[in-house]
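These came from TrEMBL, pasted as-is:
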- 2-76: domain 'F-box/LRR-repeat protein 15/At3g58940/PEG3-like LRR' (DOMAIN)
- 98-135: domain 'FBD' (DOMAIN)
Amino acid sequence: MVISIISAPKLHILGQVPDDLARLQFGTTIIQGSQLISLTTLMPNMKVLALSQRHLSLDVVINFMKCFPCLEKLYIESCMRGEKNVWFHKYQNLIGTLDIRLKKIVLINYGGTNSHINFAKFFVLNARVLQSMILEVSHKISGEWIERQHRLLETENRASRGALVDFVYHNSRPGPLGWVGAKVAHDLSTADPFVRLRDWSG
């Protein structure tokens, strides 16, 4: 599948973008798979992004953030562990120059694996204006498990001191991000249609 957007200056919500999308083009900026082929057109008005990934990939998300420099909300759904998402050495030079504007991150199907921990920890330690990170799990969790995850994520060293990192478990899942009905998707009264898919709104 190829999606090409020539000009959309008022576009501020994009989703759900699947990871099998062969090519996504915004003006002359081209994202192909996980690779940023060309970055010449920025979309500063983009505020909300929803992604669906079979394999959770920090590389893909960083490429989108380069294209959408003022992104405030990120919803990402993953069904497999995916890449290791080891980032410290790979993005050491980028961290000082990438201005992460994200205020809210929702990671659906968080499993507490090394891949998921590394992904989430990147934002915990580098997103300076982050207000909320919601890690939704598909299995029952204990207080001990949550405490261990906080240690692994190094939440005490978070870049945004006011950021809340919450683990959420749903007994009955409300469905994947892709289940956005036409009525919700076209409701211009809300700046974020994806928040309605869960019973949290923080």
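Glycine is no exception: its Cβ is also placed from the backbone N, Cα and C atoms.
Automated prediction, rather than curation, is the source of TrEMBL annotations.
Tell me about the setting of these features in this model.
Here the domain 'F-box/LRR-repeat protein 15/At3g58940/PEG3-like LRR' (2-76) returns a mean pLDDT of 81 for the predicted model.
Within the same chain, residues 56, 58, 61-62, 65-66, 69-79, 81-87, 91, 145, 149, 152-155, 157-160, 162-168, 176-177, 194, 198, 200, 202 sit at least 6 positions outside the domain 'FBD' (98-135) and bring their C-beta atoms closer than 8 Å to a C-beta of that stretch.
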Take the domain 'F-box/LRR-repeat protein 15/At3g58940/PEG3-like LRR' (2-76) and count its residues per DSSP category (helix H/G/I, strand E/B, coil), listing them in that order.
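Looking at the domain 'F-box/LRR-repeat protein 15/At3g58940/PEG3-like LRR' (2-76) with DSSP, the answer is 10 helix, 34 strand, 31 coil.
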